[in-house]
Structures are given as structure tokens and as C-alpha cells.
Amino acid sequence: MAFSLRENPRLLNCLDSDIPALSTCSNADAFCRMNTMLGNSLDLSGVCTTPTAKCKRDPFNDRPDSDLSAVRSRMLFPSGGQDSSRGLPDVNNWGLGLQSLSLSDWERPWSSHDTDPSVKTNTASLQGILGTPSQLTNKLSNYSDSSIGATDFLEKFPGMARLNSQSFLDSHSISPVDSETSGFSSGSDHLSDLLSSLRISPSVPFLMSSMQRDPLKLALDSRMDHSSSPLTPPPSASPSGSLSHRWPGASIWPSWDLMKTPESPFSIEREAWLHRQAASINEATFTWSGQLPPRHYQNPVYSCKVFLGGVPWDITEAGLINTFKCYGPLSVEWPGKDGKHPRCPPKGNMPKGYVYLVFESDKSVRALLQDCTEDLLHPEGYSEYYFKMSSRRMRCKDAQVIPWVISDSNYVSCPSQRLDPRNTVFVGALHGMLNAEALASIMNDLFGGVVYAGIDTDKHKYPIGSGRVTFNNQRSYLKAVSAAFVEIKTPKFTKKVQIDPYLEDAICQSCSREPGPFFCRDKTCFKYYCRSCWHRQHSMDILSNHRPLMRNQKKRDAN
């Protein structure tokens, strides 16, 4: 039995004067049709008196049907276990819909309280009509348990026969990707078409309006410009694919102050930590290409720690110690979480494919290298060492041994030159094949005036992936700081390094009273700040996108 929504006397009666509020509602026709389909079981006396706007386009009506159906399913039937507490929302949950009404005063971490009054009025009226998601779910659940029988229901609504009752009432879909399990997406076309005319959610651009002040936060501007629906994450939703690559000013890592208020005691530290990882997602402003300086050693002294790469996947710590104990007592450091190197593999995880061997003497390292196969790289004069090792399931596998010559940690071009820390930059994300002399040569070619370069090392005098470069003039220093990211291309590797001002322990340069552990590298500030002065200085919108720098406390503790 076909069910028509066009010529229905019930629908016409729904718009008479018995429900005066409904006659002035912009969604009156849609609500009446829904009420008719549900057997006039809905009480429409509380419908808002929003004036009808015939010419205003709804942004949701321009979206593909597949996206809309999935959003409606999530709006009308939210998951019971969904957490509505404040926090960083998942990109898949930006179709807020009715779920947002359960939050008092729209207290989203990114939303501004200075919103348009007309929008607030519409939001309040919608809340009065539809209630909270739980109330709406209870109404529909009570209706499904009423006296109407299953046979009568299917005769009255034949389109509902295709619906899965479990997914209809207990939909847990939180993403448009899961829309196949949604009741509305797989059910009646009439109901889907009907709901397309309802405005039951504020537009996504309105929700994101206050975030436009900081173009570096999550790159929302570029995401909203995609041809796909803003409710559906693009394929390149990873940080490296979705963030813009702009500089100067600040790191463009996702702003963690979305999770915390600006006064949170950990938000600045989190921003500084994220900035130290920014080289992987920012484009280089300078590129250096060429050959590294040749190396010539006479009786080199090695660090007692070596890198062992390409180890068998099933290797164990006992197997490593048994293999290398003939060269002297040693311990094994496995790559672990949070930049640490625990003495055993992470539980439940496979080894990472490389380990560090720590001997008690550099003589053990020298003996190990003598038993390795040496591959000399020309013209750099850099040797690669390979050691044949076996495991229970792999036989005779070449593992690369990378030692470190202690003299490679420092390079001074002019011993009589006084080193000024105010003209020193920090260089992060260094490649393991870069020694101090090579770093100095590259920086001097790009910026000029290099008098010193040093590679940061741990307690075993093994490099940790960062270094320092000192210039003899401020112009070269500022040019290097402004460059921020430099790509180094050699015949053996290509690596992008990150350049920041070298930080010292300093007093806040704003109040001159408290310690200033936070440094703003933007040229409009370029000062050390204490926590309160940082918030005071950067509370203005024009400065809110500045990101802090901090000294690496873990590195200092390791040394």
C-alpha cells in the first residue's frame, strides 16, 4: 500500500488554527508530515514560532544524501555511551546536531560566548521543540512499545519493513562511514526526504566561527573548503596531509589548548613539546644540496654506545647479549615510548628493528668494528659497518653497526672567537650521519658567519639528534632563525632539520621578577616570559597564534 505525503487530509488539518504556533514555524510542513507518518502521536503544541524564511538556503540541504542520512541518524538517535563532556572532539563527530543541545550554553572548547543573538534564539527554540536527545529517544521508544501491533504498523507504514529494528532504536553510528547500519540511511526514502527539510542543527561554519582567529589551529579553513562534506573526514586527515605549511610565527601542530583553557598549567608545556616535532609537517624555506666534508681519523676514540639496525625481528635480549658478549660486558637499550630506551622490549609489541648496545669500554666497540664488514662511502670517507648475526628463525642477517667518534661532537672554526649564546641557534631533527663539521659547513653556506657547531649527546657521548650552531654576527643568527626549516640533500640521505633560538635559563623579560621558561620566537615578541606574563601578552587575538619554546628538560636531565 503506497503512502503519499502530498494529498493527505491529516496534513491539511495539521496546519489549521488549533496549533497557532505551528502556523508560523518555518518547519511546519515537515513536522506535520512526520506527525502524520507516526500516527499523529506527537504533541506539536510546543513548536517554536520561528518566522518562515523562504529564501534562506540551508547549508545541510546542499550536502550529499549519504552524508545527510548518516548525520540524521546520529542526531536523532545518539549513542547512549557517548560522552558529552568538554574535550577535543573527534573529526568524525563535527556533525553536532541535537547532541550539542545537551551542553549548557554551547560550552565547546572552540566556541565563543559572543555569538550572534539570533542564532542563540533559534537554538533555544529548537531545544524547546525537540528536547534533549535522550528525551527524543524515549518518546520514540515509548511509541514503539504502544498498543499498535506489528502487523498494523507494517500495514500503515510499509516503508518501515526494510528497517532493522535494532539499528533503528539502538544506532551507535558515530561516523558517516558507518551509515550502512543507520536506520534512516537504509530505510524509508520518504522519511529521509522529509528530514532533509528540517533544520535541526546549527551550521558547522557557525560552530567554527571563533576558530578563524587562529588559522594554525587544526587547519579548519582548508578542511572546510574541501569538496567533501565537512562532517566527513577527508582521506588525508593525518596531520601531515591536512595541515598547511606556513611560517613564520609558530608551529602549525594542532593546538592542544583546545583541550584545556588558556590558564591550564600544562597547555604551554604541551604546545612547546609539539613545536619540537614540527619539522615533519612543515615545508623547508631553505635547501642545501651537496657532498658532506670528508672525514679523516687517526686513532679515533669511540663512544661506548653503538646503534644496531636491521636486527632480526625475533631477536631477544638474551640472544643479543650472547652474540656480542665476546667483545666485553654490555647492556641492551630497546627503543621505547616517550623517547626513552628501556632495557627490555615493550610488552605486547614487536621489537622496532633496531637497538642500542652499551659496552663498558670503547675498546669493545673497536673490537666489534674490526669484525664487521666495512663499506667505504666515497667521497665523504664515511664508513658503514655491517655485522652478520643470526636468530632462531633467521640465519646470517646483516645488521648495521653505527658507532660515534667523540671528536665529531664539536667543531670550532676560529678558536680565538668568543662564543655568544645570543647568536646561537638550536638545530633539531639531525640525521645520524651529520657530525659537527658537516653541520657547520651547511649552516655557513646558507647563512654565513659560523664559528662553532656542536652535536648534543647523552651520558654515553652518543648523539641524540640535535645540535647548536653559533654565529659571529646577529644578521646571520636572525636569518637562520627566520629560516626555521632547512632541507639537507646528500647522495646518501635527505633530511629536514628545524632551527630555533638557543634557549638559556632566563628571567621573565616582561615583569623582570619571575623565571622565564617560555620563549616566544615570533619577531613581534622574541622574549622570555613567565606563565602569567605569557598569558597576558598573548591574550590579544593578533598574538594568540604565537607558540612557546622551552628547553628540553629530559635532555638536560640525561646530561
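All residue numbers here begin at 1 and follow the chain in the order shown.
Here the Cβ of each residue, glycine as well, is placed from N, Cα and C on the backbone.
According to Swiss-Prot, the protein carries these features:
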- Cys508, Cys511, Cys530, Cys533: Zn(2+) 1 binding site (BINDING)
- Cys520, Cys525, His538, His546: Zn(2+) 2 binding site (BINDING)
- 304-401: domain 'RRM 1' (DOMAIN)
- 423-504: domain 'RRM 2' (DOMAIN)
- 222-243: region 'Disordered' (REGION)
Original post:
Are there any residues in the same chain, six or more apart in sequence, whose C-beta is under 8 angstroms from the C-beta of Cys508 (Zn(2+) 1 binding site), and if so which?
Top reply: Glu514, Pro515, Gly516, Tyr528, Tyr529, Cys530, Cys533
Original post:
In the same chain, which residues outside the set Cys508, Cys511, Cys530, Cys533 have their CB within 8 A of the centroid of the CB atoms that define the Zn(2+) 1 site?
Top reply: Ile507, Gln509, Ser510, Ser512, Arg513, Glu514, Gly516, Tyr528, Tyr529, Arg531, Ser532, Trp534
Original post:
Per DSSP, what is the residue count of the domain 'RRM 2' (423-504) in each of helix, strand and coil?
Top reply: 23 helix, 35 strand, 24 coil
Original post:
Which residue, out of the binding-site residues Cys511, Cys520, Cys525, Cys530, Cys533, shows the minimum number of other Cβ atoms inside 10 Å of its Cβ in this structure?
Top reply: Cys511
**OP:** Other than Cys520, Cys525, His538, His546, which residues of the same chain sit close to Zn(2+) 2? List them in sequence order, counting a residue when its Cβ is within 8 Å of the Cβ centroid of the site.
**Re:** Asp522, Thr524, Lys527, Tyr529, Trp534, Gln537, Leu543, Arg547, Pro548
Subject >> Spatial neighbours of His538 (Zn(2+) 2 binding site) that are distant in sequence (at least 6 apart) but have CB under 8 A >> reply: Cys520, Ser544, His546
**OP:** Would you count the other C-beta atoms found within 10 angstroms of the C-beta of His546 (Zn(2+) 2 binding site) for me?
**Re:** 20
Original post:
Using DSSP and three states only, what is Cys520 (Zn(2+) 2 binding site)?
Top reply: strand
Original post:
Using Cα coordinates, what distance in whole Å links Cys511 (Zn(2+) 1 binding site) and Cys525 (Zn(2+) 2 binding site)?
Top reply: 14
